[in-house]
Each structure stands twice: as structure tokens, then as C-alpha cells.
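What follows is a single structure, written as C-alpha cells, with notes after it.
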Amino acid sequence: MGCCGSAEVSDAPQWKPLEDRNCTDLPWFLLFTLFLVGMCGICGFTIATGGAARLVFGYDSYGNTCGQRNEPIEGVRLSGLDHTDRKFVFFLDPCNIDIIQRKIKSMALCVSQCPTEELATYYDLKKFAMINGSELCSYELPGHKYPSLPERFEKCPKLPVPQSKALPVFNRCTPVDISCYAKFAEAVVTFVSDNSMLNRLIAGVAASKEIIVGLCLLALVLSMILMVIIRYISAVLVWILTGLVVLGSLGGTSALWWLKTEEPNGGIKTTKDHSQRLLIYAVSATVFTGILLLLMLFMRKRVALTIALFHVAGKVFIHLPLLALQPFCTFLALSLFWVYWIMVLLFLGTSGNPEKSEETGLVEFRLRGGLQYMTWYHAVGLIWISEFILACQQMTVAGAVVTYYFTRDKNKLPVTPILSSVLRLVRYHLGTVAKGSFIITLVKIPRLILMYIHNQLKGKENACARCMLKACICCLWCLEKCLNYLNQNAYAATAINSTSFCTSARDAFMILVENALRVATINTVGDFILFLGKILIVACTAITGVLALNYQRDYTEWVLPLIIVCLFAFLVAHCFLSIFEIVVDVLFLCFAIDTKYNNGTHGREFYMDKALMVSHR
């Protein structure tokens with residue numbers, strides 16, 4: 001049996017780049033498809049049971065959905081009303097907000113029109129009902145008797161009734177003046193009233209919105225340019241880093257020996273102890289510097305390989321320019337899914353069986369019994385499908401880079417290698433991506449649960465429990481990072497050999513272990529170069545922002561706009577350079593396979609680029 005129960009029988013991996021294609025991990029594709037059907041089923045349930053309609057159209061405190069004819073609810077009076085002409089939700093006391101539960105604790109009614117002006121007395125309520133036909137008190141109270149009814153204090157809106165405006169799409173009457181929500185935002189209101197700093201910052205953002213957009217576009221362009229030119233500056237950055245490390249070590253060691261030689265002979269006991277400590281530090285620094293210099297000498301070829309990989313990665317982006325669009329496609333896919341997920345989550349909040357609250361007497365809809373697990377299922381779907389989308393990006397990039405590397409004549413590359421990689425992914429390898437993303441999900445869920453527990457117990461648990469929780473969270477985070485790296489290489493191996501996830505992970509792991517020193521060098525030196533690239537983009541954007549914002553003399557508060565621009569620049573740089581990092585990792589795996597199974601002789605010619613061939617010698 002193959003790895004993890006696969007049917008592949010192999011004592012040693014047989015690397016045959018791009019020769020055969022077959023479906024991989026089909027059971028996992030079927031399992032993921034069933035999971036998606038379940039996600040769609042939850043959405044269908046919320047629509048069929050009226051949860052979606054109640055969220056969009058709103059419902060009153062008696063369980064009636066506004067804007068439609070309703071069925072009676074057993075045990076609830078005033079339910080089952082025809083609200084075809086009453087399309088708006090009106091709260092009797094819209095400012096009564098439960099800050100903890102984050103909802104309005106007020107009776108809600110369906111009305112035909114929101115109050116378009118402030119209503120100060122019950123006579124104004126009566127006049128509004130008579131003229132507009134929109135009764136703002138409970139349904140059993142006739143509008144022409146509002147001023148004289150004793151029930152008006154409990155079942156009519158709190159006076160004065162503020163002017164309201166219906167929210168677009170969701171049809172809720174919302175006060176035009178939101179000052180009644182001051183308690184909900186008390187901290188912000190206090191901050192603003194104290195020094196008006198927030199107003200000044202917001203004014204600065206509003207006044208510089210065109211410059212902010214321009215600087216964000218600049219960060220985007222700089223990120224795309226850097227992916228191409230980084231191959232020219234990587235060598236300079238690496239040797240500067242190497243020189244600084246060596247000089248720093250030599251300088252620190254020399255300083256310690258100089259301090260030791262300057263120590264006076266003899267003296268009190270404290271001086272002797274100090275002298276002994278200096279001697280220990282100086283000897284330790286000397287040993288460390290010696291080891292470091294030996295490592296630099298020993299690792300110079302591996303550093304040269306890292307530079308060569310960056311050089312070839314830059315060529316890849318020249319031959320495959322559509323790779324630069326991958327962050328946009330992934331962001332779009334994630335955004336669409338997250339919008340759908342949030343929408344269904346809101347639908348779930350208004351689904352279930354109607355229950356009359358004993359505390360308030362109002363009707364609320366709650367999921368009971370097995371239906372409560374739909375929310376957990378939906379939460380798992382958020383993690384698994386998000387990881388699936390990110391894994392699809394990794395597989396797509398890996399497939400395109402593998403095609404580039406193992407095509408000897410670059411003029412014979414497919415017209416659209418990215419599209420070809422996407423088609424291969426959809427046709428053959430969705431199961432592999434589903435399996436890899438599920439493994440990440442299995443690690444991420446416990447970590448998120450522990451983080452939630454740690455947050456809930458903050459200030460309550462003892463020091464030992466807090467330390468154990470943090471240790472578990474840290475270990476799971478490290479495991480997740482390691483699995484992410486292994487998954488990425490497994491996807492590359494699948495793109496090369498069309499093998500199942502576990503077989504690909506095993507083969508890739510063996511290759512990485514055989515080249516452990518190279519992997520360590522590439523990950524340390526390469527990550528540092530990419531970090532410097534991110535800093536370079538943020539610095540260039542920030543300097544341009546300072547010059548542009550300082551040029552505008554109409555306002556002085558441009559700190560917040562500059563922070564927004566810098567954060568966006570770092571995010572964009574991280575997204576684009578993450579693609580570059582994936583390309584470098586896939587190139588290295590291809591290079592390691594190439595050097596293991598080929599030697600440059602006739603019939604076993606290398607696939608590698610000339611830059612890599614020079615570093616291999």
C-alpha cells in the first residue's frame with residue numbers, strides 16, 4: 001500500500017515530469033463535494049424556513065415578516081397578520097441598545113412608512129397615522145385614539161419619536177440623528193469631545209483621499225516591478241547582509257578582547273569576577289565568530305544558489321506575467337466566499353423556531369436540537385474552504401512554474417501556462433488540494449479554540465494554566481507553519497508527477513531532507529531578502545506620501561493617511577512577494593530533482609537554467 005492508504009506501490013519515487021496525468025485523491029474530491037453540498041444545504045434551509053426573508057425584510061416582535069402574508073404562530077397573539085402593505089421595521093425605542101448582546105432591546109412593528117419628521121406628542125402620532133396610514137403603536141391600538149389610550153405608555157413609541165430613514169435593502173427605520181447611540185460609542189464620543197483629534201484625523205483622510213488612492217496604486221506598481229527586478233538586486237542584498245554579519249561579529253569580538261586587556265590586574269573581588277566574565281564572553285564570542293566564518297565559507301555555494309534561484313524566479317515572471325495577477329484572483333475568490341459566508345451566517349441568526357421570551361414577551365427565532373450544529377458546520381466551512389482557495393493558488397503557481405522549468409525550449413511553452421495549470425488543477429488535482437487544506441484545517445481549529453479559551457479566561461486562570469495554553473497555541477502554530485510548507489512542496493510534487501497528496505508529500509519531504517542545508521539557507525537568506533523587499537516598498541511609498549501630503553497645505557493632519565498607506569503597501573508587498581516566495585520554493589524542488597536524476601550527460605541533460613547550472617558546479 002502507498003502512503004496513507006493510497007494504492008501506489010513504490011520503493012523509490014519515479015520522477016517523470018509532465019509525462020502522465022491522472023486524477024489524484026478522488027475520494028477526497030467526493031468528500032469535499034459532499035461538504036460543499038452541505039454548505040449549500042444550510043443556505044437552502046435558511047431560505048426555505050424564512051430566515052433569509054426575515055433578515056432582508058425584517059420581522060416584528062410577534063413573529064410576522066414585514067411585506068408579506070404570515071401564518072399564525074401557536075401561542076403568540078397578533079401573529080399571522082397580513083403585512084403586505086407594511087414593508088418597514090419600526091422600533092418603538094431605537095436607542096435602547098443592549099451593548100453586551102449587540103442588539104436593540106425594543107418592541108418592533110411593521111409599518112407602511114417611517115416617520116419623516118420628529119413626532120413630539122401623541123397627537124403628532126395620531127396625525128401621522130391619519131395622514132400617512134402608518135400606525136406607529138401596537139397593532140391592537142386604533143390610531144385615532146392614541147392620545148387617550150392608557151396603554152399608550154407601554155405600546156407606543158418613546159417620545160419624542162426621532163426622524164427616521166429606511167435602510168436600503170434591509171428596510172429598517174433608522175434615526176437620521178444617530179446621537180442616541182452615544183452610549184454604544186461612549187469612548188469615541190468622549191475622545192472626540194475632549195480634544196477633537198478624531199475629527200481632525202478623519203478630516204485629514206477625507207481631504208487626502210485622492211493622494212491615498214494614488215499612493216496605494218504606487219505600492220501596487222512597485223510590488224509588481226520588484227518581482228521582476230529583485231533578481232538584479234538580490235546578490236547585492238545578500239553580500240551586504242553577509243558583510244554586515246561578519247563585520248559585526250568581528251567587531252563585537254574585538255571589542256570584548258579590548259575591554260579584557262584594559263582591565264587592571266588584581267583589585268577587589270568584584271573586579272576579578274568582572275574580569276572572569278569578560279574573559280568568558282570574549283572566548284565565547286571568538287568561538288562563535290570562528291564557527292560563523294567557517295559556516296560562511298562552507299555555505300557560500302548555497303548562498304550563491306539562493307541568488308541564482310532569485311535570478312531565475314525573476315525570469316519566470318517575465319515569461320509568465322499572468323503570475324502577477326494571482327493575488328488579485330485569490331483575493332477576489334476569498335472576498336466572494338466571505339461575503340457569501342457572512343450572508344448565510346446572518347440568515348442562520350434569523351432561522352429556527354419562534355420562541356416567546358419570558359423576560360420581554362417578544363418573539364425570537366432560535367435554532368434548537370440538532371439544528372444548532374449547522375452553525376458549527378458553517379464555521380468549519382469558513383476555515384476549510386478558505387484554505388482550499390489558498391491551496392488552489394499554490395497548486396496553480398506550482399503547475400505553471402513546473403511547466404516552465406521542465407520545458408527545455410522556452411519558446412515552446414504553452415500560450416497560457418497559467419490557464420493550462422488551472423485546467424490541470426480542475427481536471428485532475430482538486431482532491432489533492434482538498435486533502436491538503438483539510439489537514440491544515442484540522443490543526444487550525446484546535447488552535448483557534450484554544451485562543452478563544454485563553455481570551456475568555458484572561459485574568460481568571462492561574463499562571464500555570466496560562467503558560468500551558470500559550471505553549472499549546474505556540475506549538476500548534478509552529479505545526480501549522482511546517483505543514484503549510486510541506487503542503488506547498490507536496491502540491492509542487494503533484495504538479496510534477498501527478499501523484500496523490502501523501503505520496504507527493506513523502507517524495508517532496510525526502511528531497512528536502514537530502515538538501516536540508518540548502519533548504520535552511522534558502523529559507524533564511526531568501527526570507528530576509530523578501531523582508532527587505534517589503535520594507536523597501538513601504539519606505540518608498542512612505543517617502544512619496546510624506547512629500548505628497550506635505551505639499552498639500554490645506555490640512556495638517558496627514559499622519560493617519562500615511563499610516564493607512566503604509567499598512568496597505570505592506571499588505572500588497574506581502575501578497576505579491578508571497579507569490580515570488582512560492583515560485584522560488586517550487587524552483588528549488590525542481591532543481592533538487594533535476595540534479596538528483598540528471599548529470600548533464602547525453603540522454604540525462606539538465607533542465608535547469610544557465611544561472612542555476614553555474615551555481616551547481
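For all residues, glycine too, the Cβ spot is worked out from N, Cα and C.
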TODO: Have a look at 236-258, 466-488 and point to the one annotated transmembrane segment in TrEMBL.
DONE: 236-258
Open item on the list: Short question: most Cβ pairs under 8 Å with the transmembrane segment (211-230), which of 236-258, 331-349, 376-406, 558-591?
Closed with: 558-591
Open item on the list: Check the transmembrane segment (376-406) against the transmembrane segment (528-552) for contact, please; criterion is three or more CB pairs under 8 Å, pairs 6 or more apart in sequence.
Closed with: no
Task: Contact ranking winner - 26-48, 528-552, 558-591 against the transmembrane segment (304-324), Cβ under 8 Å - done: 558-591
